[in-house]
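Colleague: Input: one structure, supplied below.
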Amino acid sequence: MKDVLERFLGYIRIDTQSSEESDTVPTTKTQLEFAKKLGEELKAIGLKDVSVDENGYVMATLESNIDKKVPTIGFIAHMDTSPDLSGTNINPRIVEKYDGQDIVLNKEKNIVLKINEFPEILEYKGQDIVVTDGNTLLGADDKAGIAEIITAMEYLINHPEIKHGTIKVGFTPDEEVGKGADHFDVKKFGADLAYTLDGGGIGELECETFNAAKAKVIIEGRNVHPGSAKNKMTNAVLVANKFINMLPENEVPERTEGYEGFFHLLSVKSEVETAELNYIIRDFDRKKFEERKEQIKEVGKKINEEYNKEIVCVKVEDQYYNMKEKIDEVKYVVDIAHDAMKAIDIEPILVPIRGGTDGSRLSFMGLPTPNLFAGGHNFHGRFEFVPVLSMEKAAELVVKIAELYANR
């Protein structure tokens, strides 16, 4: 599985950042260009039925090498990197045999990956670790997943003694902006179940996600010359501040963990005449999720009542739901991944995803899809890193899962 590092380093040098602002599919042209490159690579290693559609979805098949019928499994990763930080001119560095100390990412800018802030890195002391130069994210989310899947497929092709059923491979665009499954053709993909490789540290096995929605709050103010504004002006900036303060101050990402939900204010655009607030709403419990959506709408209603006119409009849109509901119907999909990890000396860590994956949506589209570790940490930022061994073990895990399904 040594090729996984070389592949990964090649992939992250291609800028595939997705965009929240774009209405195109995919949201950036670079994703489609990357999709075409991956399609060519899949053909080159020997996969069949390789396709890259106009929306940037890549699909391919590794044909079964056994006579009996077993479930067709899929492995999926996403091609885009987060819009949260630049993915242009990524300049990775390999820290060999990490010594357990702080890592200086950028001496000129004094950007340091500190162990007191990111203590999880100490788990990888003695290993080779890929880090950034402090100017960009790394792109392990999710190009590590892509590298691991392709490396595993090539390994299976080169080792026909390892028995497996039919395997489907899929790479999606725009996962980071919540659109990864929008145009995913489940029927064309042809798998009975699948796994995304989009998780964090080694051992992570995830079959629970948030229920997720987004909310846009539009506030219409009224601007009047401040010298004659009494009883006439409605300052949308101050109304926006009132709205923000009417939501629970402790139910935010930085003050919640585990199974706790939150309201997350993503952005504020405001001036006297108009203001716009963009939130995401998250909760694992479906009932609490529905209550949160009503709660944010109720804030708008109360402000409108206070001003005795409709100055606040709250629009809420569901994004995805907790995939546990669907995965529990085919529990063996998690059990096999658990057993595969044990078989290659990885201790499974069953954790809820405080986020979402393409698998969240796909599970409700008829393709149960839990999430496996890809190996990285600190996604979406300049402190992102991935241990090389974790990527190698993820590729090995894909092979072992395929083998276990063949032996069912």
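Any Cβ shown, glycine's included, is placed from N, Cα and C.
On a predicted model such as this, the values are computed, not experimentally measured, just so you know.
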Colleague: Can you pick which of E96, E176, E329 Swiss-Prot lists for the same Zn(2+) 2 site as D141, H380?
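Modeller: Looking through E96, E176, E329, the residue Swiss-Prot assigns to the Zn(2+) 2 site is E176.
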Colleague: The Zn(2+) 1 site in Swiss-Prot includes H78, D141. Which of D3, D15, D198 is also listed there?
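Modeller: Looking at D3, D15, D198, the one Swiss-Prot places in the Zn(2+) 1 site next to H78, D141 is D198.
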Colleague: Once the chains shown are all counted, how many other Cβ atoms turn up within 10 Å of the Cβ of E175 (active site, proton acceptor)?
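Modeller: A 10 Å sphere around the Cβ of E175 (active site, proton acceptor) contains 27 other Cβ atoms.
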Colleague: Given the recorded Zn(2+) 1 site (H78, D141, D198), which additional residues of the same chain have their Cβ within 8 Å of the Cβ centre, ordered by sequence?
Modeller: A77, D142, G145, E175, E176, T196, L197, T357, D358, A374, F379
Colleague: So, in DSSP terms, is D198 (Zn(2+) 1 binding site) helix, strand, or coil?
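Modeller: Going by the DSSP assignment, D198 (Zn(2+) 1 binding site) falls within a strand, counted as strand.
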Colleague: Can you tell me how far the Cα of H78 (Zn(2+) 1 binding site) sits from the Cα of E175 (active site, proton acceptor), in Å?
Modeller: 6
Colleague: Cβ-Cβ under 8 Å from D141 (Zn(2+) 1 binding site), same chain, 6 or more residues apart: which ones?
Modeller: T81, S82, E176, D198, A374, G376, F379, H380, E384
